[in-house]
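Notes for the one structure printed next.
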Amino acid sequence: MRKLALITGAVALAIASAAFSSQAQAATPYKVSLSVSKTEIKQGDRVVFSGTVSPAAKGTKLKVQFFDVDQGGNRWRTVATTTVRSGGKYSKTVEPRDGSTSYRVYKPSGAGLSGGASRTVIMRAYAWYKMANAPDMGIAYGERYIGQYGPQTVGGTAVTRYWSSDANGAGKTRWSTLHTCKLVRATVGLDDRSAAGADAQFRVHADEKRIVSQRVTPGTTVTFTADVPRAETGGVTFSAEARNADRPVYVNASKPSLYCAFPEDD
């Protein structure tokens with residue numbers, strides 16, 4: 001009996017060792033490198049994903065994936081596939097989703113190796129978003145003189161999409177940028193209701209940093225495009241003040257827009 005027990009134990013140990021060896025081999029993952037032609041684009045542009053797979057797996061499939069956090073998905077979803085070429089090389093052109101999205105390239109398991117993923121890259125696809133009337137941007141706080149009272153006239157030209165101060169040249173509105181915006185633009189002037197000799201100062205802040213300070217006088221308009229420090233900026237604020245308190249003055253910033261890569265929501 002003792003001899004039989006020893007034999008049985010030896011067989012069990014051999015089986016366990018073989019299973020462990022097989023698992024250890026299967027646990028070795030493919031290695032996938034990844035380069036992208038661009039990480040910041042305008043919406044609709046296409047990007048080349050390229051790299052190598054090791055060990056080389058010519059003829060097998062790779063998956064280009066994005067991380068889906070919409071509707072509680074929180075998982076990697078495949079948007080394209082490509083085939084590994086000689087030397088383990090691959091290349092695939094993809095149109096990234098709008099906004100800011102994480103991507104990777106994934107090699108499924110095969111040939112005794114487990115699946116392996118590349119590093120993650122964040123793609124930012126930008127577009128211009130309206131800040132006035134029915135804004136694309138979320139308003140955090142402030143006086144909302146943003147087109148809801150009908151057209152204003154600046155230098156004899158009617159403008160319908162705008163931010164405006166009150167009759168005393170005062171006003172402040174902040175839009176939430178969620179650290180995804182890198183440019184702001186508008187055309188600044190005075191509404192023709194402003195008195196002769198009126199004078200005002202218009203400013204734009206990216207959080208606490210002033211990025212635009214423009215003096216505004218009757219009969220002149222100034223168009224600006226200013227850089228917004230994306231990573232450091234949670235919101236952009238327009239403000240104005242009269243430089244001559246005795247003169248009614250209406251500051252108007254027409255067609256205000258922010259260039260942002262908001263995460264896509266679908």
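Just so you know, glycine gets a Cβ as well, placed from its N, Cα and C.
Keep in mind that TrEMBL annotations are predicted by a computer and have not been checked by a curator.
What you are looking at is a predicted structure, and each value in this text was computed from that prediction instead of being measured.
According to TrEMBL, the protein has these features:
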type	residues	note
SIGNAL	1-26	signal peptide
DOMAIN	172-233	domain 'Glycosyl hydrolase family 98 putative carbohydrate-binding module'
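The average per-residue pLDDT of the prediction over the domain 'Glycosyl hydrolase family 98 putative carbohydrate-binding module' (172-233) is 96, rounded to a whole number.
Remark: secondary structure over the domain 'Glycosyl hydrolase family 98 putative carbohydrate-binding module' (172-233) totals 0 helix, 37 strand, 25 coil, with classes taken from DSSP.
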